[in-house]
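Over in TrEMBL, the protein carries these features:
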type	residues	note
TRANSMEM	40-60	transmembrane segment
TRANSMEM	76-95	transmembrane segment
TRANSMEM	101-121	transmembrane segment
TRANSMEM	160-177	transmembrane segment
TRANSMEM	237-260	transmembrane segment
TRANSMEM	272-293	transmembrane segment
TRANSMEM	313-335	transmembrane segment
TRANSMEM	342-364	transmembrane segment
TRANSMEM	370-390	transmembrane segment
Amino acid sequence: MRSQGESVQGALSLLAVLASSALNYAFTLLLGRWLDLPGYAAFAAFTSLFMLTAALPVAFQQATARRPHGANTHRALRAGLIGGAALLLLAPLIGPRTGIPAAWVAGFALTVPALALLGAWRGAAQRDGRAAAFGWSLLVEHGAKVALTLPLLAALPGPAAPVIATLAGVLLALPVVRPARAAPLPAGPDLPPSGGPAALTAALGVVAAAQSALLYGDVLLAGALLTPDPAGAYAGAATLARVVFFAGWAVQVAAFPVVARRVAAGERTGPLLGAALAATLVVAGLPAALLVLAPAWSAQLAFGSGLTGVAPLLPLTAAGALVLALAGTALNHVLASGGTGALWRVGGAYLAANAATLACALLVPADPSQLALAALAGKATLIVTAALVLRPTTRRFPHVLPRL
């Protein structure tokens, strides 16, 4: 009965992630029809900064999902205030180097505490089986972003409208997933075995930040290394290819709390890893194949004639997104089943792939296709590092090794 309940909750979470991702991509791709290349490059750079900062709520979501009780509210607010203050101070420096207006960075900094709190509350909803609250919070966040963009475009110039809509969506999603009550976290043996809650959250934060940097950092590199028009074309290709990664990420989101609960109960989790990898290959492989085999048609369908130069980059960006999705699913299993030490090893794997990406990007000429190839090479190193991280973890379930 409990296994059946877990399956239902996982399926509902998966559907919510897929639906919200569809809304988010409809929003992002439609902007390619309304914005010019420099405007799309600026918005894509802001989105990349947003997602890099979103490592904080992701860490709190996963850490709270592993706590036996409580919504982690005070810890999330404190971390969000510190992160927002740091971002606010750095706004005048970040803008000129990335092509993001400093006012956008400052406005985003003010919403970082709410963003961290949203992550913690979503983690509590996942742990407590409140799939409806978790799902509706995702739909409200991205649905509000889509709904608010059109009227804001009539009043605000260019990409400023979707930026404001993005921040408003975060604030509107908070009441939807607010916990009914805050239960205290018990001390003693119920805490995670490897380190306390702060150590766990820090480790998850490093992992989430490194993963976000690997997924979004190439757009920031494009803004720094390329002129506005090529940077906009690269941003369009990278944005469209992310549908591949997020299809696989939906599997990861659904699998994480199920694996964590099985580990807490002392049950075997190996079969879940094989199932998650197979699901990722199917769910993410289908859009990847479409982008690789029909790049011109895909770019035309997504952006119309609004963004030029996207199609030649799609095969490389889609391949990189698929590699990242598969390696990320394997490492996500370690995040859910390992202790804090394993989390640091996962973070090291992502950091190594980021270092490889940066090195390759700096070695190749300043050209969009060369940058896409460098990003693919960097992501490919994650397959090797993920295998190294998985080996000690899979000793607890050796029957999975043949599937890898």
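Using the three backbone atoms N, Cα and C, a Cβ is placed for every residue, glycine included.
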Note = Beyond a gap of at least 6 residues from its ends, the CB atoms lying under 8 Å from the transmembrane segment (160-177) belong to 27, 31, 43, 46-47, 50, 101, 104, 107-108, 111, 114-115, 117-118, 121-122, 125, 130, 133-134, 136-138, 140-146, 148-149, 152-153
Query = Counting only residues 6+ away from its ends, which parts of the chain sit with a Cβ under 8 Å from the transmembrane segment (313-335)?
reply = 62, 204, 207, 211, 214-215, 233-234, 237-238, 240-245, 247-249, 251-252, 255-256, 259, 269, 272-273, 276-277, 280-281, 284-285, 287-288, 291-292, 295, 298-299, 342-343, 345-346, 349-350, 368-369, 372-373, 375-376, 379-380, 382-383, 385-387, 389-390, 393, 404
Ask   = Any chance the transmembrane segment (40-60) and the transmembrane segment (342-364) have 3 or more Cβ pairs under 8 A, given the pairs are 6 or more apart in sequence?
value = no
Query = Mind checking which residues reach the transmembrane segment (370-390)? Cβ under 8 Å, same chain, six or more beyond either end.
reply = 214, 218, 221-222, 225-226, 234, 237-238, 313, 316-317, 319-321, 323-324, 326-328, 330-331, 333-334, 342, 345-346, 348-350, 352-354, 356-361, 363-364, 404
Key: Cβ-Cβ under 8 Å with the transmembrane segment (342-364): same-chain residues at least 6 beyond its ends   = 194, 200, 203-204, 206-207, 210-211, 213-214, 217-218, 221, 225, 331, 334-335, 370-371, 373-375, 377-379, 381-382, 385-386, 388-389, 392-393
